[in-house]
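Below is one structure, written out as structure tokens; comments come after it.
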Amino acid sequence: MMRHDRNVTEIDAETRPDENLWHSGDSAVGAPPAATPAAMTDLPEDRYLNRELSWLDFNARVLALADDNSLPLLERAKFLAIFASNLDEFYMVRVAGLKRRDEMGLSVRSADGLTPRKQLALIGEHTQRIATRHARVFLDSVRPALAEEGIHIVTWADLDQAERDELSTYFTEQVFPVLTPLAVDPAHPFPFVSGLSLNLAVMVRQTEDGGQHFARVKVPNNVDRFVELAAPRAGAEGENRGVVRFLPMEELIAAFLPLLFPGMEIVEHHAFRITRNADMEVEEDRDEDLLQALERELARRRFGPPVRLEIADDMTEGMLELLLRELDVHPGDVIEVPGLLDLSSLWQIYDLDRPALKDPAFVPDTHPAFADRESPKSIFATLREGDVLVHHPYDSFSTSVQRFIQQAAADPNVLAIKQTLYRTSGDSPIVRALIEAAEAGKQAVALVEIKARFDEQANIRWARALEQAGVHVVYGLVGLKTHCKTCLVVRREGSAIRRYCHIGTGNYNSKTARLYEDVGLLTAAPDIGADLTDLFNSLTGYSRKVSYRNLLVAPHGIRTGIIERVEREIAAHRERGQGRIRLKMNALVDEQVINSLYRASQAGVRVEVVVRGICALRPGVQGYSENIFVRSILGRFLEHSRIIHFRNINEFWIGSADMMHRNLDRRVEVLAQVKDPKLTAQLDELFESALDPSTRCWELGPDGQWTPSPQEGHTVRDHQVSLMERHRSP
């Protein structure tokens, strides 16, 4: 998995070197070396961008895809849904955390100098702008375009009498029985409103005395949001073939409110939705049983305080004041939306069987290293010949990483499988393989991170299933999330023991592996096998190893390891020039890492960052970041891999860690060095494609604004399409 108007400023030519010069050849890479460290200027206080506003900018880039007429129509609807889901989670976690700090009087400023209260105010203003734009893209662009393709999302007023009669029957039989109108009066307190539920706020009037009363009707979340009409309107023969019409469920309920309140006059009704704090706090050091502690906290999460109130823009002031008072919501937390609330429901429309309105189907290929071998031990034989780098979704996950684990479970010579699981799919073949391994008498160890946000219930369920099958289940280290993506297979080969490993950037999830871009290293290298053995001993036992042979491991080693390599790249650049650092990641926030990149820029090292989401680094500022260039690539696949390259010291690293405080200080993360020249060449090609001047992307300017690139009139290539074509070519 996931924020604004394109009112952006072009970067001044004086502050940005010629892009073709910087990109094209080795001889042009790296500015002239700074003479000495003394030549570096002090770093200014305003060198960081706000991480929360940067995240909103990321979601605005997602919204820009929904507004892109060149994309297939249902893909645009999908991006509208993704935007909405992203924003929900942002409020449940990030905004909730800021509000908690503000309410507790913890006015610790952000790296860019803002108090929690100031950040909340800016977030509210920014969210209102992009939420309005989100609604307008749907109302003014996507919805009419869907109608042109025969997919109509209609209102009750659009229906003819036959359609209304049809829906009357449907409502009476399917919807009315599950509705519970909740009145508010001295005998009925204001009802609890669950987070992310869609509701109707209804004002009714008694016909006898004219007294008005409030009632709340929850739109059921266990039925489709959009009700499909069974038959199209009458018309010429063939005219309506392929036409479908949908009515939002809240419109259907609103039309039949008199049935819910017989004898009452319906004065007004409006849709609303609240978001609640879902940021859990589990006191691990005080709870012996982490599983029970987490389950208690999950039960409490649904009752978290409100952090956002979304309302339809037709809501009256009186109704809004009532909701603010009864829900205890601050006026600054209200987001007013034209049209429909909760467009995450557009996934239902995306799921329509209309392939012409979606991206062409893409079937991942089996990696060439595994394509021609069919014996049960084929992957082990391949890895004995050399390391393999897989790039998902272009290389199939199921015929590489998944098969590696499945073959290990079935191989009688395999003695042990040790695996980390952060987020896995509902019918996970990885989990099944671990269960089969345990049932076959192998030592199977699963480190299940039950604190993976919003996957806690699923992970608890799988942890118990694994335990019942005899798998040794561990929940990680107290106070840390285990986010690394590692698997260790121990195999007897003759009189020797050999270890086979996988270290990746993405989760062991066969479903998301078709949608997320990730890389992974499969290897039988003894030093990596020894490192993973030490790592799993740390995770399952009382070992506290902090240094490794060929890995960087957080929370002790990644930040210092990266900064130390930046300093080595600077030193090498001073000796011979050609300094270049390339980073690809989901987020760049950690101030110490950012400062090290500023120092590299001041020394003349070229720094290129490809970041999907948050970036707190301010590029292109003369004196400290003029040699830093930041771009963001979004597309049909979620760019998820983390890769770092230091040119002069000739090191490539891949792994699970983004450059964020939580990854470097509060998680177990792993970066592995890729050494095989054939594999580093693959990573180099990936960087060259992502950084090509003609690649469609957004570029970050020194003012914090993101600008679409290339500009109109220039050649444009799609990074992901290019990779799909490359993987399919013979």
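Backbone N, Cα and C atoms are what each Cβ position is placed from, and that goes for glycine too.
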Name the one residue among ARG117, ARG544, ARG612 that Swiss-Prot lists for the same ATP site as ASN86, TYR516, HIS640. ARG612
Among 1-39, 547-585, indicate the range for which Swiss-Prot gives the feature region 'Disordered'. 1-39
TYR516 (ATP binding site) to HIS483 (active site, phosphohistidine intermediate) - Cα separation in whole Å: 16
Within 10 Å of HIS483 (active site, phosphohistidine intermediate), Cα to Cα, which of the binding-site residues ASN86, ARG423, ARG612, HIS640 are there? ARG423
By the DSSP assignment reduced to helix, strand and coil, which category contains TYR516 (ATP binding site)? strand
If you measure ARG612 (ATP binding site) to ARG423 (Mg(2+) binding site) at Cα, how many Å is it? 20
